[in-house]
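What follows is a set of notes on a single structure, which appears directly below.
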Amino acid sequence: MRVSYENKLGSIIFLMVSCLLIVFPLVYEDRNLLIIFTQIFIFAIFAMSYDILLGFTGIISFGHAMFFGIGAYSMSIFMKRFEPEMLYVFLALIVGVFLSAIVSYVVGLLTLRLKTHYYAMLTLALANLFYVGAEKWRSLTEGADGFTFRIPDFLRERVNFYLITLVLMVLVYFALKLFIQSPFGKVLVAIKENEQRTESLGFNILYYKIIASIIAGILASIAGALYAISLRFVNTSVFSIDITLDALLMTIIGGVGTIIGAVIGSGVIEFSHYWLTSLVKLHWIFERWIIFFGILYILTVMFFPKGIVGALTALKRKARHEKKHDQSDKMTG
Amino acid sequence: MTSIIETKNLGISFGNHKAVDQVNFAIDEHQFTSIIGPNGAGKTTLFNLLSGQLKATNGDIFFCGKNITKCSTVERTRLGMGRSFQLTNVFPNLTTLENVRLAVQAQKKIYFQMLKSVFSYKDHSEIAKTILKTTLLVNKDDVLAKNLSHGDKRKLELAMLLALDTKLLLLDEPTAGMSVEDVPAIYEVIERIKEEKTKTILLIEHKMDMIMNLSDRIMVLFNGKLLADGAPKEIIANETVQSAYLGGLYDEYTA
Ligand SMILES: Nc1ncnc2c1ncn2[C@@H]1O[C@H](COP(=O)(O)OP(=O)(O)O)[C@@H](O)[C@H]1O
Ligand SMILES: [Mg+2]
């Protein structure tokens, strides 16, 4: 099986790189780099959760920030209102996951019956509702100004937090790999390919879409909670469209429907973000990094519609094809 | 004995146009019935009503004695009605094997398992491969469905239907748009299914020789109405049918 072989190769590389990343903070001390990597891991989880929707089920959502924000605010509010202890970190995570599960279920019920673009618009509107809600409910959120909070000492240790996010990312990656190889995951892909045909095989597609969006919502909420911990600060921007766009950009640049693509995309975007901001000294244009991402996005869609992973796989296929031809030439020649 | 599928005054209108109008029939188990009629007669629409893709404007449908008029496509499939489509309707970016495997998975009722790999269901792939053999698609396992020839896509359509292992098969023009060389293969596949005598088959076709050889019974649809219904010989001899549809084109069979 060619397909599963390529899958395995991706996973092996991923695992090897992850192992290197585990020892990285022990051999190389660079606070900045540590922080960037932590961000990459967090956004990789977020982007992978988005890939379940976009890449596997073919659901286009413009409201994924909704769940990221719920996770971020659950964590922040718990840390602010209660003691910064690990117990409350876990409680906050559970509450965030629980809330996102409910919201994604309701969103699923309300909107998954709609055709793609209507669904996309509705999720955009709903996420905006959360954004406005967070602005207005100042007593809890302090609006756009936001608030800082303390976190447990264990997590304040940058290396610890780095390792936790890394391990979580690896776990999510392998869990999703298994998920996507499961009978359930195969039906999701079938839905993306041909919804009506999937139905006529006797699969109840609404259930699949709802379960997929709940899983995506839960993972996004965990990413949001980690994000809040990493900043020790939260404001309404966690609900903003930029967050959704990040996920969209990461999955598309990395390669939609590949899981590993989301991780690569997260790395590419976070690093280029960092690099572009460091160029601000040279010219003010670099402050408008979103312009560059826009250009990057257009170039990707035009030249690598299947993202980095897709382009690599195509290259490899081509190489193998040529090799085959060479061999058959030799045999006939 | 109750019939496997039965319609009572079945009809559907698109605006003012009655695409299917007051259709009544009852089909016995293991009967092979063909539906013929000119383009636009309403044959595909009738199938869409039977399989649930469209909801009837009036009338009822019974499957094994149960009124299923209000049942969804999913429920009807699970009850034992399967159909193939006139316009090829497969999963283009999945391999041939994966297309069929999904149908096997549906038949095995593995709906929500998300903690096991599909590779651990060895029997599913085995069944899928056997069906690919029956439908003359061996060695095409890992070809993406979109890269198959038109004829092979039609075979895949049939393979997916077989994998569902339903009691009733609705076949909508399985040879539509096929090159002449490909037709015998499809014919062979359908004949094999018929020989097994475990399925009830409703076939929409235009190729008269195929219909005459396979059918126990023929129904003629014309402007949404059931014009004639009977054994192949009767239908051929029927003058209304002759003038309305066959138009003397198939004189050889009246001889
Ligand atoms: N969804 C639809 N909406 C409107 N008209 C339709 C629809 N489906 C079929 N029709 C019309 O119903 C008639 C019967 O079509 P169809 O069942 O496809 O014919 P056949 O399969 O016998 O060639 C045609 O006039 C067609 O235009
Ligand atoms: Mg038709």
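Cβ atoms are placed via backbone N, Cα and C, with glycine included.
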Given ranges A:56-75, A:116-135, the stretch to which TrEMBL attaches the annotation transmembrane segment:
A:56-75
Considering pairs 6 or more residues apart, do the transmembrane segment (A:56-75) and the transmembrane segment (A:206-231) have at least three CB pairs under 8 Å?
yes
Counting CB pairs under 8 Å, which listed stretch among A:12-28, A:33-50, A:87-110, A:159-180, A:243-269 touches the transmembrane segment (A:206-231) the most?
A:87-110
Count, for each of A:87-110, A:159-180, A:243-269, A:289-315, the Cβ pairs lying under 8 Å from the transmembrane segment (A:33-50), and report the range with the highest count.
A:243-269
Positions on the same chain near the transmembrane segment (A:12-28), where near means CB under 8 A and six or more residues out:
34, 37, 159, 162-163, 166, 169-170, 173, 260, 263
